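Feature annotation from Swiss-Prot assigns topological domain 'Extracellular' to 28-40. Look at Swiss-Prot and you will find 41-61 tagged as transmembrane segment, backed by similarity to another entry. The Ca(2+) binding site annotation in Swiss-Prot covers D50, and the record cites similarity to another entry as its basis. Residues or ranges marked as site 'Important for interaction with transmembrane receptors' in Swiss-Prot: T54. According to Swiss-Prot, the feature topological domain 'Cytoplasmic' maps to 62-113. The region 'Disordered' feature in Swiss-Prot is assigned to 75-113. Per Swiss-Prot, the feature domain 'ITAM' maps to 80-108. If you look up Swiss-Prot, you'll see 87-113 marked as compositional bias 'Polar residues'. What Swiss-Prot records for Y91, Y102 is phosphotyrosine.
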Amino acid sequence: MGGLEPCSRLLLLPLLLAVGGLRPVQAQAQSDCSCSTVSPGVLAGIVLGDLVLTVLIALAVYFLGRLVPRGRGAAEAATRKQRITETESPYQELQGQRSDVYSDLNTQRPYYK
């Protein structure tokens, strides 16, 4: 079974459920239970229907996502670059080493010596 494609494995599932000898799901105490039974074909149909619906939803989201424009055209990118170059930097330029900024810290805390 290692050489089968995933699609053929998926189609093999109902066959295995039907031929594999699975009995319908039944209650343990049949005498006083009015439960309905679920055949393997119905169970396989539910599972396959769920898988198909999940794949269809994923494909719909993928294709609808491709239809939405991203809004990053060439003209918009050029104006964005221009806006970035026009804005002023919020950072200060480095001014070299200044010893007077922290010189008073050593005199205030002598217990660190």
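Quick reminder: no glycine exception, Cβ is built from N, Cα and C everywhere.
Structure coloured by features recorded in Swiss-Prot.
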residue : record                                                        : Cβ neighbours (10 Å)
D50     : Ca(2+) binding site                                           : 10
T54     : site 'Important for interaction with transmembrane receptors' : 10
Y91     : phosphotyrosine                                               : 6
Y102    : phosphotyrosine                                               : 8
How many Å separate the Cα atoms of T54 (site 'Important for interaction with transmembrane receptors') and Y102 (phosphotyrosine)?
65
Using C-alpha atoms only, work out the spacing between Y102 (phosphotyrosine) and Y91 (phosphotyrosine) and round it to an integer in Å.
21
